[in-house]
Amino acid sequence: MPSVVVVGTQWGDEGKGKITDFLSSNAEVIARYQGGDNAGHTIVIDGKKFKLHLIPSGIFFPEKISVIGNGVVVNPKSLIEEIAYLAENGVSANSLRISDRAHVILPYHKKLDFLQEEAKGDKKIGTTIKGIGPAYMDKAARVGIRIADLLDKEIFEERLRTNLEVKNREFVKMYDSEPLEFEEIFEEYYEYGQQLKKYVTDTSVILNDALDAGKRVLFEGAQGVMLDIDQGTYPFVTSSNPVAGGVTIGSGVGPSKISKVVGVCKAYTSRVGDGPFPTELFDEVGHQIREVGHEYGTTTGRPRRVGWFDSVVMRHAKRVSGLTNLSLNSIDVLSGLETVKICVAYERSNGEQITHYPASLKELADCKPIYEELPGWSEDITSCRTLEELPEAARNYVRRVGELVGVRISTFSVGPGREQTNVLESVWGV
């Protein structure tokens with residue numbers, strides 16, 4: 001029962017969709033286990049870009065099953081739009097399966113997300129205003145509406161009416177905002193549920209049956225370890241658990257059935273929104289990396305903050321997600337730089353060096369990155385297909401990253417295309 005988990009090891013946008021798409025060729029089932037349509041991944045097939053937010057990357061393989069697990073919060077409207085977008089581009093969603101236990105994002109979640117963020121003033125977290133956080137809040141408070149509830153007209157009506165009464169009081173009294181109308185939401189979202197009904201099932205059964213039958217299952221994470229609500233840069237995090245441990249909760253598959261964990265990272269670092277970022281660059285080098293790497297959010301369109309590769313962050317990701325392999329992306333973006341840097345440790349203001357990532361943001365603010373500087377390379381490496389074809393400086397950079405993180409590099413990428421992802425070691429054993 002081979003199974004592989006793909007996790008982002010930084011602050012998201014590491015190229016998980018690309019690696020998941022690449023690994024999907026040897027998988028038979030591909031599953032999302034957390035997050036919602038706040039995450040975006042771009043996949044390039046035959047030079048054409050596809051941007052997905054909810055549907056797993058495996059949807060491009062019609063013979064494979066694509067699963068949206070119970071740990072995902074689903075915006076039915078967004079999901080239907082994504083299915084239509086794929087259909088317009090000749091991609092069928094017939095192989096899609098949606099967990100009946102997944103929770104639903106409703107208009108009051110998005111409205112509350114916006115109002116809460118606005119109320120924070122200059123202390124905003126940088127949410128995508130997709131309603132993700134409020135949906136997970138309702139789930140934890142045991143008042144959420146699940147896909148199974150959405151499909152049952154009587155249950156959906158009862159729970160929506162109850163929830164909307166509470167939310168509307170909050171909108172009016174706490175935020176001085178207009179209430180939402182019940183009938184409009186009820187009719188619209190019940191119809192969405194009926195459109196999605198043919199995809200809905202108990203996905204835990206599908207996943208476990210597949211694994212028990214010896215089929216290869218790929219679990220696709222959203223965001224990254226540093227955005228994990230427990231292990232990330234709290235409170236500048238998402239509302240779910242992107243770490244590998246989130247798979248068991250968000251898919252209904254036990255931990256004994258997980259074989260390998262592939263951490264995906266870029267050869268540099270990026271993040272969207274507010275929060276600590278020790279190696280962030282504000283100079284011309286940072287601007288060059290952003291423009292060459294097209295570092296703008298798939299979901300928000302916001303320019304991403306960029307910085308040097310941080311091995312302190314990566315070792316944290318290795319530890320809390322149990323990484324067995326590493327996929328190193330976007331090495332080509334660093335081409336043309338005279339020198340490249342890797343953060344190897346942090347230094348406190350008192351001169352003490354630390355090699356772990358602090359939980360306290362105050363402690364983190366007192367730290368400065370300690371860099372190891374390596375020679376850069378000027379060559380265009382986008383057509384390189386083996387490690388040996390890379391210029392010596394690029395080859396040394398890749399090796400040094402593996403040494404500092406302490407994880408075997410199984411693939412390296414020199415561009416966005418499938419053909420630009422190069423295998424050093426198969427995680428499937430094939």
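The count begins at 1 with the first shown residue.
For all residues, glycine too, the Cβ spot is worked out from N, Cα and C.
Annotation comment: Swiss-Prot describes D13 as active site, proton acceptor. Secondary structure at D13 (active site, proton acceptor), taken from DSSP and collapsed to helix, strand or coil, is coil. Neighbour density for D13 (active site, proton acceptor): within 10 A of its CB lie 27 other CB atoms from the protein chains shown.
Here Swiss-Prot flags H41 as active site, proton donor, drawing on sequence analysis. Its Cβ taken as reference, H41 (active site, proton donor) is surrounded by 26 other Cβ atoms within 10 Å in the chains shown.
Summarising the annotation, Swiss-Prot assigns GTP binding site to 12-18, 40-42, R304, 330-332, 413-415. Sequence-distant contacts of G15 (GTP binding site), defined as residues of its own chain at least six apart whose C-beta falls under 8 angstroms from its C-beta, comprise V264, K266, S327, N329, S330, S413.
The feature Mg(2+) binding site is assigned by Swiss-Prot to D13, G40, with sequence analysis given as support. The DSSP secondary structure for G40 (Mg(2+) binding site) is coil.
Under the heading IMP binding site, Swiss-Prot lists D13, E14, G15, K16, N38, A39, G40, H41, T128, R142, Q223, T238, R302.
There are 13 other CB atoms within 10 A of the CB of R302 (IMP binding site), with all protein chains counted. Residues or ranges marked as substrate binding site by Swiss-Prot on the basis of sequence analysis: T298, T299, T300, G301, R302, P303, R304.
Counting in whole angstrom, P303 (substrate binding site) lies 12 from D13 (active site, proton acceptor) by their C-alpha atoms. Listed in sequence order, the binding-site residues from N38, G40, T42 having a Cα within 10 Å of the Cα of T300 (substrate binding site) are N38, G40. Within the set D13, E14, G15, K16, N38, A39, G40, H41, T128, R142, Q223, T238, R302 that the record links to IMP, no two Cα atoms are more than 34 Å apart, and one pair reaches that distance. Between the C-alpha atoms of Q223 (IMP binding site) and G301 (substrate binding site), the distance comes to 15 Å.
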